[in-house]
Each structure stands twice: as structure tokens, then as C-alpha cells.
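Just dropping this structure here.
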Amino acid sequence: MRGGRLAAGTGGLALTSVLVFAPAVAAAPVAPADRPLAAPTPSKKPERRTPPPPKPECNKPAGQPASAITVEPWAQRRLDFEQAWPITRGKGVTVAVVDSGIDTGHPQLRNKVAASFDATKTTADDCIGHGTQVAGIIAASDMRAENIPFVGVAPQVRLLNAKWSSGQSTNDNTMLPKAITWAADQGAKVINVSADAPDTPALRLAVRKAQRKDALIVASAGNVAQDQRGKESASYPASYKGVLSVAAVDEAGTIANFSNLKTRVDVSAPGQNVISTLGDGYVGGLQGTSFGAPYASGVAALVRARHPKLTYQQVIDRILITAEGGNGQGSGHGMISPLQAVSALVDPAAKPGAAGTRPMGGAVPIAKPEPVDHRTRGMGLAIAGGALGTAVLVAFGGAVIPLGRSRGWRPGRATVPAEDRD
């Protein structure tokens, strides 16, 4: 804590010599008079300054060891984003995590954060774990060779750590806009905002500024406690135009019962019984639209890496057009489809319909599971938050292609860029 410095008590005094002259007729020398003593300048009274409040302690949460993960997380198997990795893993794209910070010491997040910003003026560290969980879903390195089944959607992206929340209650609505603006100024092409905030002029302006810099903002649709059902209001920035709004679904593809039905929804993604990074370990049983948003951010990063000339709105359109499932109520245009979003040949004139934006509850149609690939899928989970149980696998082929063609796209074969070949 910085203490106030007291001002010096004395100022500089100009001392004047006094000369005494004898009359001209006097021959005897006259002794010079003594110099007068300067009166001491009164000391200034100490200024009373209110000391700044002490910074909250940063007790980083500790996760469970990697050995606690014994099966590949259901969300990874459901989305099967590894199918897109021969095309791209997100290299060259910068993704900002606007959240509670990122624990850069996690083995799967080391050397990924290019820059950090702390709007809270506390510490850029993640003292509550939420931002680290979000970052892990987006970008955790592939360490399956070391028997760690969990991996992020786009493991080669570059991260920006834009901290706006310390977990402390505050009425300061300026920190979130500041973090978004900083992320856009740093060149983020995707900005993940897993937050439920009110509509404010500062937030609207920050979103518009970011969009003018061609940043794609992905936001969670928001959560509602059951005792508040019917009293909820729209969540921001998810409800702003041009923001990719994401709802949460469970293993069965059903919209989570905590999803905010007043928020406009574009797509859905896994948001129940989710596994991610925490501290230097892992956590399971995560629930919330906060965890659906980073899956969509990872997909957006893959699309931007593969199609760098697309504007942020064109990337959103591609994600909506290729989303799997019908225009399910509450699920927007359906579940995100990483491979198709990256590789499908989309008609440039195709536009997503408006019917999928209705903020209502419902289920997402899910295809029947495919057989498990036992080379990588023979791992189970028993981790903090409870076991995940049976994972759901989904076929992308027959269930998706007919719908996709009706929306203006068809599957494509893309060559693997040399820079992304392993």
C-alpha cells in the first residue's frame, strides 16, 4: 500500500546583508552589525489522505490432477472439432478472453498469453478461476500424448488476457467496456465475453468500436436462477447486433434450464457438465452459458484462420449457416459445427434466416451416436463436480448435409495448409 508523503516543512529564505556606514568624518572603523537570525518558517500541517483500500487476497483455486480425467470430455466428442485440425488449429489468430484473468502457469496454457490488461487494478492473475476455465476451452494445448484427454478447440491461437472482474461485488460498469476496448486495440480477431452485463452507453460504444476494428465478439446468452424465472432481462453484450450470442445445451442436446430466455440466441454449444483447466489442474461439472461461449469462440478462431479475408459478420454468417440442427427454439440456428464452419463451401449470397433468433426454450435435434473410436475415446471422467456419465457422440454426415444444402452450403474438401501440418 502506498502511503502519503508529507511535504517538506521549510522553504528557501533569501538572506540580505545589512551594511552600517559611519559618518564621513569618523575615522575609526565600524564593526559590521550581526546578521539577523531568520525566523523559522512554520511547518506545514500533515495532509490527511485516505489510504487506498487493501487489495483483495488472490487465493488461486487449485484444480484436480490430470489423472482425474479418465475419459475424453463429452463436449469434445460431441463437437468433434479435431476433424477440422488437418485444415487449421487456429494459428495466426488472436483471441481475447475478457474475464477474471488467465492462470498462465497451467501446463496447457503456458506461453499462450501475448499480453495482459487489468481493468480492476488488482492483479492480472485469475483469482477465481473462471477466466482460466474459459481460456482452456478455447486454446488448451494438445497434450494427449501425455495422457491428458482434455484439449481446447483451437490450440494454436494466441491469447490476450483482458481482466475486468476480480470476483468482488462492484457497481463499476466501466471495467468491462475498458477490457473489450483494450482487446480490440491489441488486434484481437475474436473476443470472448462470458458475462451477463446490463446495457450501458459505455458497453455499447466499446462493442461498436471493436466491430469497427473487425473484431468478432462472442458472448454468453446469460443464466437465470429458477427462482428468478420470469423476472429475467436480456443479457448484454449478447443482445447487441453483430454479437454472436451462445446458449448452453447438455449431453442430450437440450437447452439448459438456466438459459436466459429473454436474450437473443444465435447458436448453442455444450454448457453443462463441462471440463476445463483450473489452477494447474482441472475441474469438471461446470455449468453455464459462460462455457458454451468459448466453444463458439474457438470455432470462430478456426474459421478466421482458414478464411482470413472474411469480415467478422461473414464469419458469424458462416457459423450460423453451417450450424447443425433446425432453427430450434432457444438454440438459435442449432449446435455449432466446427468442421463444417471451417470447410463447407458456402454460397456467398447465402444468409442465415431470422427464425432461429427467437428467445424461447426447446431442444436441439441430435443425430444418433457413432461407434466410439477406441484409439482416443477410451478415457472416462471422475473429477471435481461429479462424473460426467455416458458421453454422446453425434454423426455429422447424413443429419447435417441435407439441411446444409437447403441453407446454401455443401461440404468441401480443403487442402491442408503447409503451416498447419504436423
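Using N, Cα and C of the backbone, Cβ positions are placed for all residues, glycine too.
Heads up, TrEMBL stuff is auto-annotated, nobody curated it.
Note that this is a predicted model, so its numbers are computed, not measured.
Copying in the features that TrEMBL gives for the protein in this structure:
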| type | residues | note |
| --- | --- | --- |
| SIGNAL | 1-27 | signal peptide |
| REGION | 34-65 | region 'Disordered' |
| DOMAIN | 90-327 | domain 'Peptidase S8/S53' |
| ACT_SITE | ASP99 | active site, charge relay system |
| ACT_SITE | HIS130 | active site, charge relay system |
| ACT_SITE | SER290 | active site, charge relay system |
| TRANSMEM | 379-403 | transmembrane segment |
Find the average pLDDT over the domain 'Peptidase S8/S53' (90-327) in the predicted model and report it.
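Computed over the domain 'Peptidase S8/S53' (90-327), the mean pLDDT is 95 on the 0 to 100 scale.
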Rounded to a whole angstrom, what is the C-alpha distance between ASP99 (active site, charge relay system) and HIS130 (active site, charge relay system)?
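If we compare the Cα positions of ASP99 (active site, charge relay system) and HIS130 (active site, charge relay system), the gap is 7 Å.
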Quick check: in three-state DSSP terms, what is SER290 (active site, charge relay system)?
helix
Which ones in the same chain are close to HIS130 (active site, charge relay system), with CB under 8 Å and 6+ residues apart in sequence?
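Spatial neighbours, sequence-distant, of HIS130 (active site, charge relay system): ASP99, SER100, SER165, GLY167, SER194, SER290.
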Validating a neighbour-count step here. Other CB atoms within 10 A of the CB of ASP99 (active site, charge relay system): how many?
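Its Cβ has 28 other Cβ atoms within 10 Å.
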May I ask you to report the DSSP-based helix, strand or coil state of ASP99 (active site, charge relay system)?
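SS state of ASP99 (active site, charge relay system) = strand.
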